[in-house]
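Data first, discussion second: the structure below is written as structure tokens.
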Amino acid sequence: MRTVRMLAIGTLMHVKQISRSPFELAIALVVPVVQATLAVYLFRSGGEEHRLLEAAVGAGVMGVWSSVLFGSGGAIQTQRWMGTLEMIMLAPRRPVLVILPITIATGLTGIYALLATLLWGRFLYGIKLDFAHPVAFVVAAVVCVVALGMFGLLLASTFVLMRNANALANTLEYPVWLVSGMLLPITVLPAWTSPIAAALPTTWGARALREATSGGPVWPSVGICLGVSLLCLVLGGLALTHVERRARAAATLALA
Amino acid sequence: MKTLRLMGLGGVIAYRALFNWTTPGMFVGTLLVGPLFQLLFFAYLGRQLQVADDRFYIVGNAVLTASLACVFGGTMAVANERRYGTLGHVLLSPRSRTAIFWGRVIPYAGNGLLIAVVTLAVGALLLGLRIPLGALPGLLLAMAAGSLACGFFGLTLGALGLRFRDVWVVSNVSVALLLLLTGVNVPASELPGWMVTVGGWLPITHAAEAARRLAAGDGLAAAAPALGQELLVGAGYAVAAVVLLKIFEVESRRRASLDAL
């Protein structure tokens, strides 16, 4: 119970902190809206007007991924720059419990993107928010955010070994959008991308949201998304513990 | 001649100093692999939606990929001087501000050109696009014009960094807007009139049009008007950047806020 409380309070604190950054807010709100507009015009041009809601949701998930990628990827680096990394690592809890709230918070901030693209589509382009499974959509959105937060932990723990993780994060934005099928079905991609897609929680999260939007079996995708994410959590936790011990032994925790 | 030397040498030294965080691996990953996936993303999306053919997406996105290095590079040319506390020293120089800052853009434009060329070559190989050999010099010219225009556009945004605290918000939003407004991913005929008008004043729009004509084998004469327009847009941003830098420099001196972040 104490662990759940700690995770919840930690997440709330980091959401509040991120929400006060004009940069984070502008990126979470404006860029996904631009991408949603692009998606709407692309789908209209292709005569796929009946899939505009799917396009808006897809653009929103792209925004969630960007938020997690840049936020979680740089989570430890950001704490290091702010001079708070030593303090949070001194907390008498496992490193994974201290960093996980940060990465989940970046996923929750990404929810802004999903909401922004849906509201933008509704009010500017008159897209009816006519979800095939509305309740499942909400559940899938929450699972997707938490799952991406866990995936973010794995990113955070591996990126900490690289000096300029923020720059490297740029490289991973489009590949994951592409391979996870956030805007286009992965069936149109070369066959060798399928195993990669299957290993990514983003694929299952995006699929669950798409199925909740346009119809389909939502729950298997939600379940697989959670399963893959829990695996990421375990791997991320192990990597984080290893990195923390190494950094303490070498006295390099505060060094970039 | 001395001014050209200042622009060339000064630009290269500043590039090495301000772009010091990268390594070869990081450069390839961030500036070559990332843009290639951008091209693949839109090419596959375009194929699936049947909006336009592969040439439209491959050539257009290859030209657009230069914007990443050029817009952020142009912005960094001013914003990072301020961040590292060296802007005051640059502005104390007795040499022409115009030459100093225009020179800053050249290495980033070269970077952008390299990215565009690599992205076009790899994208065409992966997706099986044939480009006439005779079109290559013209394509290189179109990509160079687009890169230069983007660099000056980035410099203009960097100048805004002297007035606004977080210029990176502006740069990130601008790069996203270029995806939409330049007609690289959605044909101009499918966009609202106002977006097409705004796109006409942005870098890349005309360079992408010229590059598409050249890749289609239309020849340099057919692409020349669009190329000319791209150069005009670039020249416009070059002048705008210098004027804004001058205005904000005077204001920053008056308010003693030159190095305030």
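If you go along the chain as it appears here, the first residue is 1 and each next one adds 1.
Here the Cβ of each residue, glycine as well, is placed from N, Cα and C on the backbone.
Among the features that TrEMBL reports, transmembrane segment is placed at B:21-44, B:56-79, B:105-127, B:139-160, B:167-186, B:231-248. Annotation comment: TrEMBL describes B:25-212 as domain 'ABC-2 type transporter transmembrane'.
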Taking contact to mean 3 or more CB pairs closer than 8 A (sequence separation of 6 or more), are the transmembrane segment (B:231-248) and the transmembrane segment (B:21-44) in contact? no
Paired segments the transmembrane segment (B:167-186) and the transmembrane segment (B:56-79) in contact, 3+ CB pairs under 8 A: yes
Contacting positions for the transmembrane segment (B:105-127) when only residues 6+ beyond its ends and CB under 8 Å are counted: 7-8, 11-12, 14-15, 19, 31-32, 35-36, 39-40, 43, 54, 58-59, 61-63, 65-70, 73-74, 76-77, 139-140, 143-144, 146-148, 150-152, 154-155, 238
